[in-house]
Structure formats: structure tokens, C-alpha cells
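Pulled from Swiss-Prot:
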BINDING   TRP22, ALA56, TRP57, GLU58, CYS80, VAL81, VAL82, ASN113  5-amino-6-(D-ribitylamino)uracil binding site
BINDING   ASP85, THR86, ARG127  (2S)-2-hydroxy-3-oxobutyl phosphate binding site
ACT_SITE  HIS88  active site, proton donor
Amino acid sequence: MTHYEGDLRPAGARFVIVCSRWNARITDALVAGACRTLVDNGVSDDAVDVVRVPGAWEIPIVANLLAQVGQHAAIIALGCVVRGDTRHYEHVADLCAEGMMSVQMQTGVPVLNGVLAVECIKDAEMRAGGSHGNKGAETALAALEMVSLLEKLP
């Protein structure tokens, strides 16, 4: 039996972070965590691109274009959608996730979902460097591992 598992040091890989500008205080912290994690794991600064989009709704179309171009081994999607008084939150969060899944299934380029879907801004703060860690950093770790794993699979 052969066991496959990714590690955190894919050689020569380029990464792109696609991040929404909405809730910038939160998303800036997520981007910082992701960048720090990539660099801490041997990815050079010049092998990381950051693309800012208006909101989470726009992440899938940009991820799709980037995946088709093929310059990046993985796409790290970051954003923050906060529940409001209407169902808009559900549509944005759900369809953003579906769009990202569609991109990775159609292109074979991993699209890691670090888009927070939270009840309130306090929940987001806890996940952007607070008591629940930094989900941007965690998403970057998953990207590193997936790139390595996909390189190893037959």
C-alpha cells in the first residue's frame, strides 16, 4: 500500500492570493497571515502575487482566469462575509464557495477557501489573528500541502 501526503515545501511553486477589499481590516490581516506563512515555509516574496477584488462575489471569476492562465500552483482565496439583516450574506458566501470549487474541479488548480462567513465582525476578528488563529495563515498552509500532494500523486 502506498501512502501519499503533501508537505509544506513545494519547490519553485508560485502562489496567488485573491482577496476581497470588503471588510478591509479583517481581510488585510488574513492576507498578512497568508503571506507570512508562505514566506516562513520557503516561498520567496517574488513567488507570491496578491490580487484585490471588490468583494467575495468577484473571487471566483478572478480565480478562474488565474487558473486558466496557469502561472500559479495554487490560488488562496480570502475574504470576509458578515451576516446582515437580509439573505444576501447566504447567497454571497454559498455561491462564492461553489464558484471556487467549480474552478478547481475544472482546471485542476487548487483553490483554497479562506473566505470567512461569520455572524458578526467579532467572529471575524477572532479568526483574523485573534483567539481562533489566522485563517489566512491556515489557508496558506493548506495551499502549500495541496501543491506538494498533487505533485506526488501518480
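Here the Cβ of each residue, glycine as well, is placed from N, Cα and C on the backbone.
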Binding-site residues listed as THR86, ASN113, least Cβ neighbours within 10 Å: THR86
ARG127 ((2S)-2-hydroxy-3-oxobutyl phosphate binding site) versus VAL81 (5-amino-6-(D-ribitylamino)uracil binding site) - Cα distance in angstrom: 12
Cα separation, ARG127 ((2S)-2-hydroxy-3-oxobutyl phosphate binding site) to ASN113 (5-amino-6-(D-ribitylamino)uracil binding site) (Å, whole number): 14
Rounded Cα separation (Å) that holds between HIS88 (active site, proton donor) and GLU58 (5-amino-6-(D-ribitylamino)uracil binding site): 14
Cα-Cα distance linking ARG127 ((2S)-2-hydroxy-3-oxobutyl phosphate binding site) and VAL82 (5-amino-6-(D-ribitylamino)uracil binding site), given in Å to the nearest integer: 13
All-chain count of other Cβ atoms within 10 Å of ALA56 (5-amino-6-(D-ribitylamino)uracil binding site): 29
Site of maximum Cβ density within 10 Å, from binding-site residues GLU58, ASP85: GLU58
Neighbourhood of ARG127 ((2S)-2-hydroxy-3-oxobutyl phosphate binding site) by C-beta distance under 8 A, where only residues 6 or more apart in the same chain count: LEU116, VAL118, GLY133, ASN134, LYS135
Structural state of VAL82 (5-amino-6-(D-ribitylamino)uracil binding site), classified by DSSP into three states: strand
